[in-house]
Structure formats: structure tokens, C-alpha cells
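Student: Have a look at this one.
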Ligand SMILES: *Cc1c(COP(=O)(O)O)cnc(C)c1O
């Protein structure tokens with residue numbers, strides 16, 4: 001039996017009847033840019049996260065860039081980011097002409113390590129980007145207190161944490177401004193690329209909307225050199241239909257995660273993921289750790305199980321960021337985790353039967369490679 005890493009078709013099947021009439025209307029009226037579908041989604045998503053403003057943009061990478069620029073990040077500024085994240089977090093910093101400063105993650109949750117953040121602060125540091133990785137929030141109490149002490153901005157990367165919360169609130173409402181991505185595979189995914197910036201600050205919202213529309217709030221009046229990054233109208237009905245189901249889908253992910261954790265409880269070869277105290281995890285990814293990961297991954301692939309790695313190369317070791325002068329060994333936690341992490345199939349429509357297959361194959365694979373390694 002094959003188990004896909006993610007099943008997006010099942011999501012589409014649930015929403016198709018709601019989306020198709022709206023798409024037909026948009027096609028007929030040629031209402032492709034802005035309009036009431038986009039306005040409606042922005043209002044609904046702001047309410048869902050618990051912020052005053054949501055500005056839809058073209059994708060999550062643009063969202064991080066626009067959020068950083070709204071927080072005042074300028075060329076030459078340093079921005080502290082975890083070394084274990086999707087490269088988009090760093091690209092957004094680089095595109096401004098600012099410098100990504102990588103820090104290690106903690107060993108339990110693989111989230112940005114506040115102690116490492118504090119060590120990395122210099123006179124040129126402008127902002128910290130906590131990435132709410134794999135579906136749970138970074139340690140915001142500690143990070144907010146560091147930011148306050150040093151006069152830094154917090155710009156959340158909430159691309160993997162739609163609906164996640166911690167003691168102080170929902171991911172996306174925990175700093176001055178937040179960015180999220182609606183890439184199809186995220187917990188809330190569009191039918192293509194899309195993203196959003198979230199904030200309680202009306203000036204930040206206004207700035208992001210202006211910057212993402214060619215630096216313009218009135219047609220052909222250009223206040224600054226902007227970019228073109230807007231949420232396409234055709235994405236809005238998809239996002240609205242999925243948003244109505246997001247709490248239920250996140251709950252289904254939570255059930256699936258507990259089931260994996262239970263099934264793997266007596267399997268010492270597999271380290272299951274932990275949830276930070278006070279966190280409500282939305283399980284964007286279920287990431288275990290195993291020895292001989294590459295061989296386990298290959299065995300799973302051969303058995304028809306869609307597993308993956310998030311992420312195989314810590315950012316400082318990518319060719320893209322080799323120019324920053326970091327060395328192997330500098331971020332021991334992220335580097336050692338990168339050799340062991342393995343993301344199991346995780347999506348709201350994952351069934352108990354499929355999970356049993358995944359776990360059985362994982363146990364077989366780990367047993368086989370440990371024997372082979374001896
Ligand atoms: C997906 C993702 C992004 C960027 O999203 P795109 O919409 O693909 O540009 C940024 N940060 C993280 C952590 C992500 O997972």
C-alpha cells in the first residue's frame with residue numbers, strides 16, 4: 001500500500017463545490033485584481049489569527065520581505081534567523097540588502113534558540129525572525145524580552161504555523177508584524193502561490209499594502225520604489241473555503257500526530273517530536289529522528305511511503321549562503337539534526353490505517369539498517 005507524503009486532492013475535493021461558482025463569477029466579471037473576495041479573505045484571516053490587519057501578497061517569501069521592510073530593516077542591517085528553516089526566510093533578508101545572521105536551534109524542538117540569539121546581537125542588529133517551525137511557536141516570551149532589552153523588532157515567520165498558539169496568543173500575532181505563506185502544501189494552502197502579512201499596527205499595514213502595489217496607494221502616484229506582490233483574486237475563494245475548515249483540519253493533524261507518537265512509543269530507534277509546554281501544535285510536519293536516516297528514507301521510498309527531509313542542509317552550508325563565511329561545525333545542534341530528521345506523511349485526511357502502514361514500514365526500515373550498519 002502506498003502512502004503519499006501529502007494528499008492535496010482530498011482537500012480540493014472537499015471545497016470544489018464552494019469554489020467553482022466563485023471562480024466562474026470571477027472569470028465572467030474579469031475581477032482578477034483585488035475585489036471583495038480578497039477583502040473578505042483578508043478580514044476573515046485577520047480574525048482567525050487575532051490581529052487587526054491582514055494584507056494579502058503574492059507569496060510567503062514576499063510576505064517576509066515586506067514585513068521586514070515594514071519593521072524598518074534597511075540595507076546593511078543584520079537580521080537574526082534560525083539556521084534550520086526553509087531558505088525563503090533568509091532570501092527575504094538578502095533581497096533587502098540586509099545580512100542574515102544565522103543562529104542554532106534548541107535540541108528538543110529544533111526551534112530558534114533564544115540564548116544563541118542573544119549571543120548574536122551586534123550594534124547592527126535590527127530584527128529577529130522567529131520561525132514557528134513544523135507547526136509550533138518559537139519561544140516568544142524569551143524572544144520578546146530580548147527584543148525589548150536590545151530595542152530590536154520581532155518579525156514572525158508564521159508560514160508553517162497557521163492556527164498554532166502558545167500562552168501569549170496565536171502564531172502571527174506575537175510580534176510587531178508577521179508573515180505567512182499559503183503555498184499549496186501549508187496547513188492553509190492556495191491553488192498556487194499566495195501569502196500574507198499580519199499586524200495590529202495600522203501604519204505597518206498601510207506601508208505593506210503600498211509597497212506591494214508599486215509603492216502606490218493612488219493609481220500612478222508612486223510614493224516609493226515598491227514591488228508587485230498582491231493576493232490574486234482567484235486564490236481568495238480557495239483560501240476562504242479552506243479557512244472555514246482549518247480548525248477541524250488542524251484538529252485532525254493533532255489526532256494523527258498523537259497516533260504516530262503512541263504507535264512509536266516503544267520503538268527506541270525512532271525519536272518522536274516533542275511539543276513545547278504551553279504550545280498548541282498544528283503539526284505542519286511530523287518530524288522524527290533516526291540513525292542512518294538516508295538509508296531509512298530510501299527504504300521507505302522503496303516501500304511506497306512518501307517521507308521527506310525538512311531541511312537536509314542547514315542554511316549556512318548551502319551554496320547560496322557560502323559567501324557569508326560560516327563553517328561546518330558552527331551550529332552543532334542543527335547540523336547533527338539535519339542528518340537525523342525525517343518527516344513522515346502528515347495531512348488532515350491521513351487515516352489510522354495508512355499511519356499503521358507508515359509505522360510498520362518505518363520499524364522494518366530502522367531494524368534493517370541498524371543490522372546492516374553493524
Ligand atoms: C513556505 C515557507 C516560506 C515561504 O513561502 P513561499 O510562499 O513558498 O514563498 C517562508 N518561510 C517558511 C518557514 C516556509 O516554510
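The first residue you see is number 1, and the count goes up from there.
Cβ atoms here come from the backbone N, Cα and C positions, even for glycine.
Pulled these features from TrEMBL for this protein:
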ACT_SITE  186  active site, proton acceptor
MOD_RES   186  N6-(pyridoxal phosphate)lysine
Student: Looking at Cβ-Cβ distances, which residues of the chain lie under 8 angstroms from the residue listed as 'active site, proton acceptor' while being 6 or more apart from it?
Tutor: 60, 159, 160, 162, 180, 284
Student: Name the secondary structure element type, per DSSP in three states, that contains residue 186 (active site, proton acceptor).
Tutor: coil
